Amino acid sequence: MSGNSKDFDLIIIGGGSAGFAAAIKASQFNKKVAVVESGVVGGTCLNVGCVPTKNLLRAAEVYHFGKENPFAGINMKQVSLDFKEIIMQKDNLIAELRKEKYIDIYEDDKNITLLKGKAEFINQDTIRVNEKQYKASKYIITTGSRSSVAKIDGLECVKYLTNIEIMELDKLPEKLVIIGGGWIAVEFAQMFSMFGSKVTILQRSGRIVKNEEPEVSKALEKALKNQGINIVTDLSFQKVYEENNRKYVTVIKDGNEQTFEGDQLLIATGRTPNSDNMGLEKAGVIVDEKGFIKVNEYLQTSNPNVYAAGDVIGNYMLVTVNAHEGSVAGENATQNNIRKPNYKAVPHAIFTNPQVSSVGLKEAEAIELGFKVDSRSLDMELVPKAATIRNTQGFVKMIIDKDTKKILGVHAIGELAAEIIQEATLAIQFDLTNTDISNTIHVYPTMSEAIKLVAQSFDKDMKKLSCCAE
């Protein structure tokens, strides 16, 4: 590189889902692209997030239900657990997917160059990687996020785990204490409980998964407690300390001091953006008070030649949204701002058992926005498939606009809740009404019928219908 010449049309900093999507999109426009990655490609989701956790959750379920199942006449003997082998199998799966879904695709695309190292801006249009400087016409920052560690007295002196280290253990903890009550906390809590650990969740606020519909949070807490997980909410943390390789957490609950101990301590108190130590101030890129990069409706930062997408901008922090934003940013950076991200219907799920899923507005949000709201909840015991598989826990709730009948939000807890939410997502995306769903023929018997049945419940008494009646 010399003078004002450019090494690349586009440099993407971060090789996770958002960065990958941006690179592929820019390549489709025949742009010369570089992806800078300081660790391993694939990002949080593939390497230390949704993919390995769901693999381990499934392993935990298989082990657990091998010992306990709801069917009479089935008795499984000598169910054993080799925790180290399960972790090794998880690692092998991630390595295979990383190669097939990222490395091989990068290598096969002649427009994309992968640069290994940490990127740092040295001015508004130049970065440095491994002491070498690179210039590009445009940049996209997709550096993701990392675990946010709560400020609790003594925590810095304790050897704790985050979502990364806990999946590298080769020995199952006897007792696991978890600080935090969000989706990361509850998934790991159930995973290790099913493997055989005694698990305690300590949550500062009044309920776990507090961003879900209140009745969903309460139902999940009840289910997890029934499975033997100790959940303590509405508390204040006093101190954390370690003695003889045991971790201790002291809290104040209802005015009384209590101490919880375990051989492992997991911190699951949110995420913080990876926007530090990369020279953003030299690039003229502004961040908010929490470090998330500020962007406009085209995902463009305060520097018009720099875009950002994914966790580092802090919108939804979901891999599906990150990939969508990455694709939009890749298109806008190379085609001069022609597309805006679409957040109209963004579903999410928690992969506990029972699963939790949600899309659209919660009831309180809809009322606050001025909608005339009508809502119905349908217990899963009224869904024939739930009865046939002997798992009737949970419910599905639908919220509609009373005037137009358009569906505003759907929230579910129960068997396959993460799967059935897709129909509700399409309904919100395309402004469908509960009547549109009611008039649509569904496969019988399936858990997806829960969406149809709750839609019908606005006009019918579901307890008076036969199994597959209209």
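Positions of Cβ are set from backbone N, Cα and C atoms, glycine also.
The shown structure was predicted, so the numbers you read here are calculated from the model rather than taken from an experiment.
Record check, TrEMBL: FAD site residues include Lys54, Thr143, Gly144, Ser145, and the candidate from Asp276, Asp288, Asp311 also listed there is Asp311. In TrEMBL, the NAD(+) site is described by Gly180, Gly181, Gly182, Trp183, Ile184, Ala185, Val186, Glu187, and among Gly255, Gly262, Gly270, Gly279 the residue recorded at this site is Gly270. Looking only at the binding-site residues Gly180, Gly182, Ile184, the one with its C-alpha closest to Thr143 (FAD binding site) is Ile184. Cα to Cα, Asp311 (FAD binding site) and Cys45 (disulfide bond) are separated by 11 Å. In the three-state DSSP classification, Gly180 (NAD(+) binding site) falls within coil.
Looking only at other Cβ atoms within 10 Å, the busiest spot among the recorded positions Cys45, Cys50, Ile184 turns out to be Ile184.
Taking the C-alpha positions, the distance from Val186 (NAD(+) binding site) to Lys54 (FAD binding site) comes to 13 Å. In three-state terms derived from DSSP, Cys45 (disulfide bond) belongs to a helical segment.
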